[in-house]
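J.: First the structure, which I've put down as structure tokens, then a few questions once you've had a look.
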Amino acid sequence: MLFDVFQQYPTAMPVLATVGGLIIGSFLNVVIWRYPIMLRQQMAEFHGEMSSAQSKISLALPRSHCPHCQQTIRIRDNIPLFSWLMLKGRCRDCQAKISKRYPLVELLTALAFLLASLVWPESGWGLAVMILSAWLIAASVIDLDHQWLPDVFTQGVLWTGLIAAWAQQSPLTLQDAVTGVLVGFITFYSLRWIAGIVLRKEALGMGDVLLFAALGGWVGALSLPNVALIASCCGLIYAVITKRGSTTLPFGPCLSLGGIATLYLQALF
């Protein structure tokens, strides 16, 4: 089968994973930019604030274009990472700067896929971790931009983990994965409720609760404290570096780092 080919050619999997990561990262950039716009349009349409004559945006249409000059991006200018480097981070037509976030998301996804292929070679679990990485990267960037974790991403994390356990590709049994989800939800929801009473404000978003619960289906109930500890440390470091102080902190990226770090710690130790 396919894994037999990877055994015969051991470098094939890392190379394929890296290239696939660049391509998926390019698609994630589209999702990160367009999905919040799509939801705002749906809300405007629901409230009657958007006419049928106004153009709607989707993940497929319109084609990728420069947000400054509206020129459609040529195929040769849409190669993940390399096009940004060749164009020196500027639009070919209007010379407007292209955000560094685009190549960073592509590079981060490629590195995440590469690392998973090296730690879990010839494994369905390695593929599952790649999918998890894609969900978490998209969710984290959207949370950084909008301080909001869309349900579609937290549900993606949840169901990918449960399906991997059901297919016996996960280190966890399906029962352990479900237990991890339930423990994660009860723990963080209780913490959210208590913090709301004590602080008299929302200390944890519901998206954070759902993401923590979903990660429980990947790491198991016993490793959830590790996720919370790493996430809290990351949040503290982020707050100090950005000097956010008492302002709202997007906790989704911290939970994502905590979940991924815990998975690799479980594999390596």
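The backbone N, Cα and C atoms fix where each Cβ goes, glycine too.
Note that the coordinates shown come from a computational prediction; the quantities given were computed from them, not determined experimentally.
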J.: Based on the record in Swiss-Prot, is it correct that Arg74 and Asp176 are on the same side of the membrane?
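T.: Asp176 and Arg74, as annotated in Swiss-Prot, occupy the same side of the membrane (identical topological domain).
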J.: Could you tell me which of the ranges 148-167, 248-267 is annotated in Swiss-Prot as transmembrane segment?
T.: 248-267
J.: Quick one: DSSP breakdown of the topological domain 'Cytoplasmic' (143-176) into helix, strand and coil?
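T.: Helix, strand and coil residues of the topological domain 'Cytoplasmic' (143-176) number 23 helix, 0 strand, 11 coil.
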J.: State, in range form, which of 15-37, 102-121, 125-142 has the highest count of Cβ pairs under 8 Å to the transmembrane segment (248-267).
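T.: Checked against 15-37, 102-121, 125-142; highest Cβ contact count belongs to 125-142.
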J.: What stretch of 15-37, 102-121, 177-199 shows the most Cβ pairs under 8 Å to the transmembrane segment (219-241)?
T.: 177-199
J.: Report, as numbers and ranges, which residues of the same chain sit near the transmembrane segment (125-142): CB under 8 Å and 6 or more residues beyond its ends.
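T.: For the transmembrane segment (125-142), the sequence-distant neighbours (Cβ-Cβ under 8 Å, at least 6 residues beyond its ends) are 17, 20-21, 24-25, 28, 31-32, 35-36, 101, 105, 108-109, 112-113, 116-117, 119, 148-150, 153-154, 156-157, 160-161, 164, 169-171, 211, 218, 252-253, 256, 259-260, 263.
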